[in-house]
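Engineer: As annotated in Swiss-Prot:
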BINDING   Lys46, Gly53, Arg54, Gly55, Glu99, Ala102, Glu107  ATP binding site
BINDING   Asn199, Asp213  Mg(2+) binding site
BINDING   Asn264, Gly321, Ile322, Met323  substrate binding site
DOMAIN    9-244  domain 'ATP-grasp'
Amino acid sequence: MKIHEYQGKEILRKFGVAVPRGKPAFSVDEAVKVAEELGGPVWVVKAQIHAGGRGKGGGVKVAKTIEQVREYANQILGMQLVTHQTGPEGQKVNRLLIEEGADIKQELYVSLVVDRVSQKIVLMGSSEGGMDIEEVAEKHPELIHKVIVEPSTGLLDAQADDLAAKIGVPAASIPQARTILQGLYKAFWETDASLAEINPLNVSGDGKVTALDAKFNFDSNALFRHPEIVAYRDLDEEDPAEIEASKFDLAYISLDGNIGCLVNGAGLAMATMDTIKLFGGEPANFLDVGGGATTEKVTEAFKLMLKNPGLKAILVNIFGGIMRCDVIAEGVIAGSKAVNLNVPLVVRMKGTNEDLGKKMLADSGLPIISADSMEEAAQKVVAAAAGK
């Protein structure tokens, strides 16, 4: 789950991290009111969407008068903001963050992630803040410094001070940076975040260290422990299909391809998508119906996939362990009839009640293309999507 910048800053503030004064605004008049409350002489008008690169897309403006605040708020609110993370369709801006201006002398980067290679929590820092860290990692990996943080001890003073010095924090400002880094770690750990990022971390001309941006991603599996985080959820920023899928306990993620995938088990779902790509196809979605799929869930899964206007074919790939193949077959038949399926459907089933499931599909009278292996299924669905 993602949240907005202003919400991330609210979290940081709770953990002792210095952030600029600011408030969200949902209308032009509200933006002006917030600016007047903050006082001048400089304000920053920032689009709030769940994507980076807002400044380059025209979603961040510096205003030097109240009238400019009004002008920029009017420009940004309601715009379809396109960044390198939104795709060409962009994301509609429904809210703003109005913030006091900052004296920017030095822009740094810090973040916390779970590193899958070392299986550790890693604090990363760089002197190259204010830009895409992926670009820095690719072109200048030597500028990214890493510290492994042990949960049993937390981020130690010496670790924080060492990283701060390496990324260029002046010696006199290192105690402030330490407070921010340790606060960021505590926020990351205590909220079950999967990412906590400050970009940029600013050092002003007088040596004051503040977080000018905040980005958090949270582990959705841990949200039951954090109702205060769930309250930050903005459904306008999420894929409607994914929201609908969650109502039926379906793990669904929209992708850019044209081949729908309905699979049981996340590992098999990823392997299925990889195999489709191996044979030249492009998956339209990740869809895991889980081990307790019912006819209703399978029908809803078909409905979700068919809402994609670019869908050309569907592959159902089931391994019947806990989930019986005859139950899936029943759901496939009912789902196909309920939605008047009009795209080619390839089904591959292996495992419990496999023969019964295949017989049910064969006797259904539906134009289902059967396959015995994942390789065969992928080849057939790629060919079907291409109209062959």
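Start at 1 and count along the chain as shown; that gives each residue its number.
The backbone N, Cα and C atoms fix where each Cβ goes, and this holds for glycine too.
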Engineer: Of Asn199, Gly321, Ile322, Met323, which is closest to Lys46 (ATP binding site) if I measure between C-alpha atoms? They're all binding-site residues.
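Structural biologist: With Cα distances computed to Lys46 (ATP binding site), the winner among Asn199, Gly321, Ile322, Met323 is Asn199.
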Engineer: Give me the mean pLDDT over the domain 'ATP-grasp' (9-244), rounded to a whole number.
Structural biologist: 94
Engineer: Out of Asn264, Ile322, Met323, which of these binding-site residues is nearest Glu99 (ATP binding site) by C-alpha distance?
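Structural biologist: Answer for the nearest of the binding-site residues: Asn264.
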Engineer: Cα of Gly55 (ATP binding site) to Cα of Asn199 (Mg(2+) binding site): how many Å, rounded?
Structural biologist: 12
Engineer: In Å, rounded, how far does the Cα of Ala102 (ATP binding site) sit from the Cα of Asn199 (Mg(2+) binding site)?
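Structural biologist: Per the Cα atoms, Ala102 (ATP binding site) and Asn199 (Mg(2+) binding site) stand 14 Å apart.
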Engineer: Roughly how many Å lie between the Cα atoms of Asn264 (substrate binding site) and Asn199 (Mg(2+) binding site), rounded to a whole value?
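Structural biologist: About 38 Å separate the Cα atoms of these two residues.
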Engineer: Write out the long-range same-chain contacts of Asp213 (Mg(2+) binding site), meaning residues 6 or more apart in sequence whose Cβ is under 8 Å from its Cβ.
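Structural biologist: Asp213 (Mg(2+) binding site) has long-range Cβ partners Glu5, Glu197, Ile198, Asn199, Pro200.
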Engineer: Where Met323 (substrate binding site) and Gly53 (ATP binding site) are concerned, what is their Cα separation in Å, rounded?
Structural biologist: 43
Engineer: In DSSP terms, helix, strand or coil for Lys46 (ATP binding site)?
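Structural biologist: Where Lys46 (ATP binding site) sits, the three-state DSSP reduction gives strand.
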Engineer: Taking the residues Lys46, Gly53, Arg54, Gly55, Glu99, Ala102, Glu107 listed for ATP, what is the greatest CA to CA distance in Å, to the nearest whole number?
Structural biologist: 19
Engineer: Name the secondary structure element type, per DSSP in three states, that contains Gly321 (substrate binding site).
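Structural biologist: Looking at the DSSP assignment, Gly321 (substrate binding site) belongs to neither helix nor strand, so coil.
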Engineer: Counting other Cβ atoms within 10 Å of each residue's Cβ, which of the binding-site residues Ile322, Met323 comes out lowest?
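Structural biologist: Comparing Cβ neighbour counts within 10 Å for the binding-site residues Ile322, Met323 gives Ile322.
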Engineer: Could you state the CA-to-CA distance between Ile322 (substrate binding site) and Arg54 (ATP binding site) to the nearest Å?
Structural biologist: 46
Engineer: What are the sequence-distant neighbours of Glu107 (ATP binding site), meaning same chain, six or more residues apart, C-beta distance under 8 angstroms?
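Structural biologist: The list for Glu107 (ATP binding site) reads Gly129, Gly130, Pro200, Leu201, Asn202, Leu212, given in order along the sequence.
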Engineer: Take the Cβ of Gly53 (ATP binding site) and count every other Cβ within 10 Å, whichever protein chain it belongs to.
Structural biologist: 17
